[in-house]
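Structure first, commentary second.
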Amino acid sequence: MSSVKVECVVKESASIGEGPVWEESEQTLMFVDITGQKIHRWSPSTNQIQSLETGGTVGFVVPRRSGGYVAGVGRSIVAVDWSTQVMTSLVVVDEDKTNNRLNDGKVDPIGRLLAGTMGREEQPAEVRKQGSLFSVNFDLSVTKHLSQVDISNGMDWSLDQKTFFYIDSLSLTVDAFDYDTNSGEIGNRRVVYRMEKGEGLPDGMTVDSDGCLWVACYNGGRVINIDPVTGVRLQTVSLPVTKTTSCCFGGPDYSDLYVTSACLGLNESGRRQQPLAGSTFRVTGLGVKGQPSNAFSG
């Protein structure tokens, strides 16, 4: 196996760094700070970071085919014009649950946005079964697929687009559904992987070009590589922080794995022991590559 190297590339001390996505056209890494209420864009070539304040919790940001980005702010899916720093609400979800907020979101292979919600909480796992999983189509119509979700989190698709992988963090499993790209319908839920002792909570997730999953483990200080067909853990990458939150592949050839982290919830002693908590890391030498992200068609 290649020699795996972990380096801190963005020492941002995000409260809850999340939702990394590689932007091919700009060769930049987008990510959010959920409770810090910011969207960040970092350029590896210049090591410069640009930020946009969202005025509310922000769960994810994704590219938009028509230009700019779409983000999940509070319970709103918003269009983001980076050049003017203007955000415009497109649609609101969970209108009957005003204490909810959008968490993770990702775009499927045909441009449909899937996004999930969770109850707002002071401490992790305080609020149970309040979340949902939605899809937003190109015409901005919304379909609810799941309810009674604890913490809607990581998602991605198999290489043949027929399987949707999904994480509801407190279930301590990575699940799979049959997926119909034409209708966006999901069904036949089953468990792909059960978290083992010490691995923490499954959080954000990405698929590599071999069709295997990379799952960030919150409170586990690692990213695990899973074969979704066999359910076998193939590899573990340890990081110098415990609250690893999400990951994506990027770089010129998609061989770099970027990993976000959080510092919220660490006490003073924890922060001293983990001075890089909340930073974003780059993992190289994994011997695998990822794929370009999809852009929202709405």
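Cβ coordinates come from backbone N, Cα and C, glycine included.
Unlike curated entries, TrEMBL annotations are predicted automatically.
Since we're looking at a predicted model, the values are computed, not measured.
Feature annotations, reproduced from TrEMBL:
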type     : residues         : note
DOMAIN   : 16-262           : domain 'SMP-30/Gluconolactonase/LRE-like region'
BINDING  : E18, N153, D203  : divalent metal cation binding site
BINDING  : R101, N103, E121 : substrate binding site
ACT_SITE : D203             : active site, proton donor/acceptor
Neighbour tally for N103 (substrate binding site), based on other Cβ positions within 10 Å of its Cβ:
26
State the count of C-beta atoms found within 10 angstroms of the C-beta of E18 (divalent metal cation binding site), not counting that atom itself.
26
Which same-chain residues, if any, lie at least 6 apart from R101 (substrate binding site) yet have Cβ under 8 Å of it:
G56, T57, G59, G74, R75, T117, M118, R120
With the divalent metal cation site defined by E18, N153, D203, which remaining residues of that chain have Cβ atoms positioned within 8 Å of the Cβ centroid?
G19, N103, D104, I151, G154, I167, S169, G204, A216, Y218, T245, S246
Long-range neighbours only, meaning 6 or more apart in sequence with Cβ under 8 Å: which ones does N153 (divalent metal cation binding site) have?
N103, D104, G116, I167, D168, S169, P202, D203, G204, M205
